[in-house]
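For reference, TrEMBL has these:
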type: COILED; residues: 233-288; note: coiled coil
type: TRANSMEM; residues: 12-32; note: transmembrane segment
type: TRANSMEM; residues: 44-65; note: transmembrane segment
type: TRANSMEM; residues: 102-123; note: transmembrane segment
type: TRANSMEM; residues: 143-163; note: transmembrane segment
type: TRANSMEM; residues: 189-213; note: transmembrane segment
type: TRANSMEM; residues: 305-324; note: transmembrane segment
type: TRANSMEM; residues: 366-396; note: transmembrane segment
type: TRANSMEM; residues: 408-428; note: transmembrane segment
type: TRANSMEM; residues: 481-505; note: transmembrane segment
Amino acid sequence: MAAETLLTESALGWSIFTIILLVILAFCWVYIRKFQSRQESEAVSTITAICALAVALITSALLPVDIFLVSFMKYPNGTFQEWAADNVTRAKIEDSVLYGYYTLYSIILFCVFLWIPFVYFYYEERDDDNINKCSQVKNALKYTIGFAIVCIALLLIGAFVPLEPPRQNTTQWEKVQYLFEELGSSHGIPALSFSISSLTLIGMLAVITYTAYGMSVLPLNLIKGTRSVAYERLENTEDMDDVEQQIENLKSKCKDGRPLSSRDRRSLHELEGKLQVLRRRSRHLEIAESNCCTKVGSALRPFKIVLGIFFILVALLFIVALFISNLDKALHSAGISSGFVVFGTNLTNPLNELLLVLQPVFPLDYILITVITVYFVFTSMAGIRNMGIWFFWIRLYKIRPKRTRPQALLFLCMILLLIVLHTSYMIYSLAPQYVMYGSQKYLLQLPPLDNTTLSTTRSCDADAPQDQCTVTRSYLFLHKFWFFSTIYYFGNWAFIVTFLIGLVVSCCKGKKSVIEGEVEADDSDLSDDEYIH
């Protein structure tokens, strides 16, 4: 009976997984097509961007599944379910989750170090009209080899970095033998872990930059809304009249045949370029005023305000929970040498407590942890959308609807892949106890009273017996190398500071234009006509 129930639930799980996969692929296709430039679109870059974005979203969904599986092994009374009572069965389930992590993380390694760089450089070589397809492939492979070398170097370093120090008073040869024994006993899994953790550090920088800013700018943009189309058209018309008058004044200087000075010619050229941009803005504003989407957006204005207030409250909850978690680590951990790891929670964390309170009402806690994961991904997208793609102080690409270059979309997907890698640690920092054990409970034996054995049910924590509570594979993966945990700890403080700065900047900014990002000075007339039609 238990086996039949398990098979039924497994079949249901696979059906749900298939539906979620189809939804993710459909969303990725719509998202990429929305921002993709119609002029420069190419099948290879489009398929690569869609697949990379899908891998990022699927990987982000693995943490809620991990938490659900360890929680589903036990009944609410703290006893194991029949199908999970055997240690061998539990080990198989845990290993399947672990292999799922390593499979998806291996795909991310392949995308970041091989596939996306190859497609990026292949497209860059396409700009040269005098080069054939064979030369394009050769040159792209040549540049991709550099990324492959970095990947191999990380795998080698991870393979020979022991998780535990070798015994003291040993010879150099014995130390080398110890390293190879460690590699053989672990089947090279630490090599993959080290490579992924190294990429997670880059993802941490992307989270600090884009996700922190997206968490502040997304809700405030919803609350503030956009400027009035009619007012923008009036303002744009006045600017056009002003620029046209300045152009006429400059041209009047050469009516008697005298040439313009170099300064006046430069000013005339700048004014003509400005007038061209204003005319394009006028066309876009005219279309926006008659667009049904603009009218629907105005009708949904109250809903957007409520949604924006909800998002800013969620963001503040995250920041408070992250601050308390980091403060707990600073006060109760062994410090840098231990990676600031804390077993259990010593300070009351609001988000962790909320998840524990929702446990009795299935499946509210799983819905909340899924919403948190999706929230991180979408605020990251919002941050990249608003900031563009930067390399330090140099802006590389802009992300705009129907105007984004294929290279920019590839960069966007690579950044999202890296952000997803760090998302698991961020969520662990927000709710450490829940991410470690989910909703598991265990039976605690109380001192006997009148020869009667008493027991009570408690939520799993660091004090629980090891054979009574199963730790999620995500937690074990995150804390395989202590020095990465140390860096993540300081990264959380940087995330809090960046969010607060972004919140102040977003509050000081005015309302966005209704055609924000549609018209730029460096756009061509051809792309503008294509966008309008």
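Glycine residues also receive a Cβ, built from the backbone N, Cα and C atoms like all the rest.
Per-residue pLDDT, averaged across the coiled coil (233-288), gives 82.
Contact between the transmembrane segment (189-213) and the transmembrane segment (305-324) is not supported, since fewer than 3 Cβ pairs fall under 8 Å when only residues 6 or more apart in sequence are counted. Put simply, of 44-65, 102-123, 305-324, 366-396, 481-505, the stretch with the most CB pairs closer than 8 A to the transmembrane segment (408-428) is 44-65. Long-range Cβ contacts of the transmembrane segment (366-396) within its own chain (Cβ-Cβ under 8 Å, at least 6 residues beyond either end) map to 31, 56-57, 60-61, 63-64, 67-68, 206-207, 209-215, 217-218, 314-315, 318, 354-355, 358, 408, 411-412, 415-416, 419-420, 423, 426-427, 430-431, 434. For the transmembrane segment (305-324), the most Cβ-contacting stretch among 44-65, 102-123, 481-505 is 481-505 (pairs under 8 Å). Within the same chain, residues 42, 44-45, 48, 51-52, 55-56, 58-59, 62, 136-137, 139-141, 143-144, 147-148, 150-151, 189, 192, 195-196, 199, 406-407, 410-411, 413-414, 417-418, 420-421 sit at least 6 positions outside the transmembrane segment (102-123) and bring their C-beta atoms closer than 8 Å to a C-beta of that stretch. Same-chain neighbours of the transmembrane segment (44-65): 20-21, 24-25, 27-29, 31-33, 36, 97, 100-101, 104-105, 107-108, 111, 115-116, 119, 122-123, 366, 369-370, 373-374, 376-377, 406-407, 409-410, 412-414, 416-417, 419-421, 423-424, 427, 435, 474, counting only residues six or more beyond its ends whose CB sits under 8 Å from a CB of the stretch.
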